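Positions annotated as region 'Disordered' by TrEMBL: 1-40, 167-220. Per TrEMBL, compositional bias 'Basic and acidic residues' is recorded for 24-34, 176-196, 210-220. Look at TrEMBL and you will find 64-149 tagged as domain 'Cytochrome c'.
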Amino acid sequence: MMADNKTKSTKPANKTPPKSPADPAKERAAKRLSYESNSSHEGAMAAELSALEEAFRKFAIHGDTRATGKELHGKNWSKLCKDCHVIDGKNVTITDVDIVFSKIKGKSSRTITFDQFKDALQELSKKRFKDKSNEEAVQEIHKLIEGKAPIISGVTKTISSPTVSRLTDTSKFTGSHKERFDPSGKGRGKAGREDLVDASGYVPGYKHAGTYDHKVQGSK
């Protein structure tokens, strides 16, 4: 009897076999790859936008120490289009740039935001790159601007002052100072500072000084 009870009590357990440990690992790996793929795509897009935003910011603060870089006014918008060669004088002119700015900014505003800036570029891209599709045209006009900064041109002009002009006008010099310059205003050098002995044999101021030797040699 005891043997029969032991036999009945030792029935095989009916358990569901555990999942393979490799399955969760594969699932996690697939999720990670998907996340990394999406992140890399988003990162590339962010890098592209950051280059455009950086150019926008640089032009937005150009010449204005109080500017935040978040808004671009009309003058610097025109400079951006000129410096980045959006204006080509053929398909896009300064007039086109002004018209688009007025259209995008709204009636009561004098500036445009970055989003409005992109809208303005999209408008101009249709004229600047007529032979390309809308998407390609936008990409091309972005390439003209990305990573660019305002071009600083010209030189500082000297401020005209009556006092400075009087001090530098050699024709108005008198006394010993006058002797240091010739009638054209060019400095005489040492001859203007010291009394040099004239050993030429000619009377000082003689117009034909130095011609005698040439005449004598010519007659021989």
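We count from 1, first residue shown onward.
Placement of Cβ uses the backbone N, Cα and C atoms for every residue, glycine included.
For the domain 'Cytochrome c' (64-149), DSSP puts the residue distribution at 49 helix, 4 strand, 33 coil. Mean predicted confidence for the domain 'Cytochrome c' (64-149): the pLDDT average there is 95.
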